[in-house]
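Now, the feature entries from TrEMBL:
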- A:136-168: repeat 'WD' (REPEAT)
- A:181-212: repeat 'WD' (REPEAT)
- A:430-447: repeat 'WD' (REPEAT)
Amino acid sequence: MTSATAHTHTIKPLATLTPSSTSRAWSSAPHPYLPILATACSDKTVRVYSLTSFTHLSTISGGHKRSIRSCAWKPGVRNESVLATGSFDASAGIWRRWEEGSGAMKEDAEPVDFTNGVKDDDEEEEDEEWRFAVVLDGHESEIKSVAWSAGGQFLATCSRDKSVWIWEEMEDDNFETIAVLQDHEGDVKCVAWHPEEELLASASYDDTIRLWREDLDDWTCVSVLNGHEATVWCVDFELVENASLVTEQLSEPQQALLDARKQAGPRLISCSDDLTIRVWKRNPKQKTEVPTGQGRMPSIFKNNSIEEDWVEEAQLPSVHDRAIYTAAWSKRTGRVVSTGSDGKIVVYQEKWRDTSNLNGNGHAASEGKGEMTGGDTAMTGAIEEDSDSPLTEWVVVAELDGAHDVFEVNHVCWVKRCDKGRRNDAEEVIVSTGDDGEVKVWTIEGS
Amino acid sequence: MDPDKDNANPTILLASDLPSRRLSNPSSTSKPRADGSTGLFDALIPSYTYLNDPFAPRSPSSSEADSDDENVFEEIDEQEVYDLISTISDPEHPLSLGSLAVVNLPDIHIDTAPTTSRNPISTVTVLVTPTITHCSLATVIGLGVRVRLEQALPPRFRVDVRIKEGTHSTGEAVNKQLGDKERVAAALENGTLMGVLRKMLATCV
């Protein structure tokens, strides 16, 4: 299906991971270094698929009594795979599997059979022995999302009980709750960690996004992002300096913008029931200045506070006509992919705005409000915030209707392409997960 | 009368006064399916059969009140949706939602996606009128309607159940819950709640 009219690229089907689940699939997570993918399913299992052959490898089952809503691989682990699962049964699970050759299972680790003897006999006895290592109890109702911090030190879980829990692994299989954060006024739908700092973002049914950080042994809310007019379903941090913006001939304001972004750190993206996808950026703190951002400040205002000033930078072009469940920021290209109830997959990219309608020396119309010529990067506000014409804009580069036929698509993510057909080492595919139980892989053509 | 019930004296409509297909607009082109079934049981057929059905081109006529341009393989109009939900039992009274006027035919709308889209998604919007403005069971009733339609209609239908504006003190809060897919899915895994819903849906055809 091509939309020859507007878009520069098309989304083409590459594979459907088979055999698929027969019940709703909620979300998928690619392994940090192996070419495999885990999918959280409502039949209380996690299905593990190969991204080279696109086939089902194993099923992780027996640990949860209700749908598994979310799963995440622990980063930075060698010699084993560690998977966290979050379930509607209000518990999170930690699963482990050794990756180095067969027979490397720990002798003293008695695999506990949580299946009451009804093991999944379909799978062959390969090296696919998943051990249910720990159950993390504490939440009072369904867990919606689990996420590991960038280094793998912390695990965050969030729930309909309005709280976010942070867990730290003390030693093997011993997790301690180090924070229970209850500031949200509604279900917490998603948690996501900053790629570099120990900063956690949470998205909520109360229409807000909150950011959390550790301050003298206490985790606390450091910013509240208001703006969305309905439930926020998902948040994701940027990682890469936007590849499409780093071109050769950058003008001074353009370079200054990139420098400012580097100083402020990765931005945050969010998507919502209000049909918008919003980009948020941090205004780096001045040493003497008190943050006075648009975000509602937490009630306890400490001196020398660690509160942060995050503001809405942009809204992506409107394409979805029903709730948007997931927005994901590519770590390689800076593109964003989104999906939702309308069954569409949409890809967006940030570009330099055409400056032909600016005045001669390339400065935005309302020059004089910000420091535009590099040099002293005193950021009292981002460059484009004060000007009428932002330097960048988001455009839709590809759009696909009916990705999972008539079914809703719950999750979408960027995955490094691992199969034989990949064109280069940096190629990414899109993996979508839908109500039809299917997990599909897509390429973007036209670049 | 039971003083513990939210609404001990509801207004009850006679079954013969409720809208039914016989009395509906005779211009509706109700095309019977080839095998004689009415479409009500399509939920029992594995959804993948829809993938094989040829999608005949749609006539671009649609006005909102007339959804009968679905002359392909499914004939689902507002009356059929009403028939699906009017027989749901009220959780409090041994009466149906139709006879209590909790669901009404004029409060059901079907929007079909624009014909240019490859995706034949249709949205059914049902406005529910609780019997009294502070009915504590409004969420359960709305959930019953949503579950019934999600189970009975083909997957290309999106179901939006809302409390009719002005009929409930916390209507917006209830609507937000009913519109949250995750919450609805989790509710269906809740044993107690499912027990109540099963009782409500037991009187459906």
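Glycine is no exception: its Cβ is also placed from the backbone N, Cα and C atoms.
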What counts of helix, strand and coil residues does DSSP assign across the repeat 'WD' (A:181-212)?
0 helix, 17 strand, 15 coil
Quick one: DSSP breakdown of the repeat 'WD' (A:136-168) into helix, strand and coil?
0 helix, 18 strand, 15 coil
Rounded mean pLDDT for the residues that make up the repeat 'WD' (A:430-447):
94
